[in-house]
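Straight out of TrEMBL:
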type: BINDING; residues: H93, D131, H339, E343; note: divalent metal cation binding site
Amino acid sequence: MPLPVPPLLRRTLHRVRALGRPPLRALMNLRELVSALNDFASPSLAESWDNVGLLVEPSPPHTVNTLFLTNDLTEEVMEEAVQKKADLVLSYHPPIFTPLKRVTWKTWKERLVVRALENRIAIYSPHTAYDAIPHGVNNWLTKGLGACTSVPLHPSTAPSSPAEGTHRVEFCADAEHVDAVLSKIKDIPEISCLTTLPVRVEGEEQTRVSLNCSQKALLELVALLSQNSLLYHKTEILLLQKPLLPHTGMGRLCTLSEPVSLSDIIERIKGHLKLAHVRVAVGVGRTLESPVKKAALCAGSGSSVLKGAEADLYLTGEMSHHDVLDAVANGISVILCEHSNTERGFLSELRDTLAIHLKNQINIIVSEKDRDPLQVA
């Protein structure tokens, strides 16, 4: 018969065992996790052409213990996710972009979906939503320049605003006409926030009419008001614009705290991205020793975002040949690092940031197989 363990020793042994144990993490329901990921970076911030959010969902209920981060979900990376028992793959680039007409074993993207569902792995992609947010990919890329301040090249607007409609219309009408005009206005669809206010204009009692309307309703409203030239000439039309979101948007225009030579910037970027080589085009009238004070950057493929930006340097993953020629002709130097090389390094920072956002409820790991398909031979 074993001897009883004294209470003090029992408590001590319990503490020792607990210290040697890996921390226990709670599971998260997939839908709860997707909601938290959407709070971290709203899909509404993504470009209209993009395909973001939850792309593949195993039959519910689906719980997540391990979140697996990758820049590109290739077949090799998918097998890594299976081996590491991932429950959700967060792939920065959406593996499903153009619509799939069938899901068979014929093409590699179809096989990704098959393998994901076979192994009960969900797939989520944030893509350009992560480009826009203040704590996203572009913000991480600015750190390669050194000390600087940055603003979005193309600011994002609030996905919704309190005002309804696209335009506000205001006009004054006298007592003789106001009731008839209001009666006809109320028959026009997509008009909201209609208010009237008695006012005195040039010594006459009139009614100030204000309303919001859609673009379509505006055309009907203008046609109605133009039937009375006096009324129409007193009409004001304002375009309602959504407010800009601070520090949010596509690309970044960075102002360095101190000018740095182009050659030094190149070395900083290579160090930040852990690259042995980058491609460089020196702007007309510039040299490798020319100072860089302003840099415009965009992770991935930056041609459309950087076009027209006034800077000493463009930094991105890839640009078309002719866009590089245009920049160089305008005295702007260009650094190209290959598409995903300007994005992938963000995943380590994302892992730590998401761990805090998700309150360490799940395991988060970064792919070791994910890499840019291009290399210097």
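A Cβ is built for glycine as well, from the same backbone N, Cα and C atoms used for every other residue.
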Can you tell which of the binding-site residues (H93, H339) has the fewest other C-beta atoms within 10 angstroms of its C-beta?
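Candidates: the binding-site residues H93, H339. Fewest Cβ atoms within 10 Å: H93.
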What residues, ordered by sequence, lie under 8 A Cβ-to-Cβ from E343 (divalent metal cation binding site) and sit at least six positions away in the same chain?
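Result: N71, Y92, V137, A299, G300, G317.
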What number of additional C-beta atoms lies within 10 angstroms of the C-beta atom of D131 (divalent metal cation binding site)?
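The Cβ of D131 (divalent metal cation binding site) has 29 Cβ neighbours within 10 Å.
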Starting from the Cβ centroid of H93, D131, H339, E343, the recorded divalent metal cation site, name every other residue in that chain with its Cβ within 8 Å, sequence order please.
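These residues sit around the divalent metal cation site: N71, Y92, H127, V137, A299, G300, S301, G317, S340, T342.
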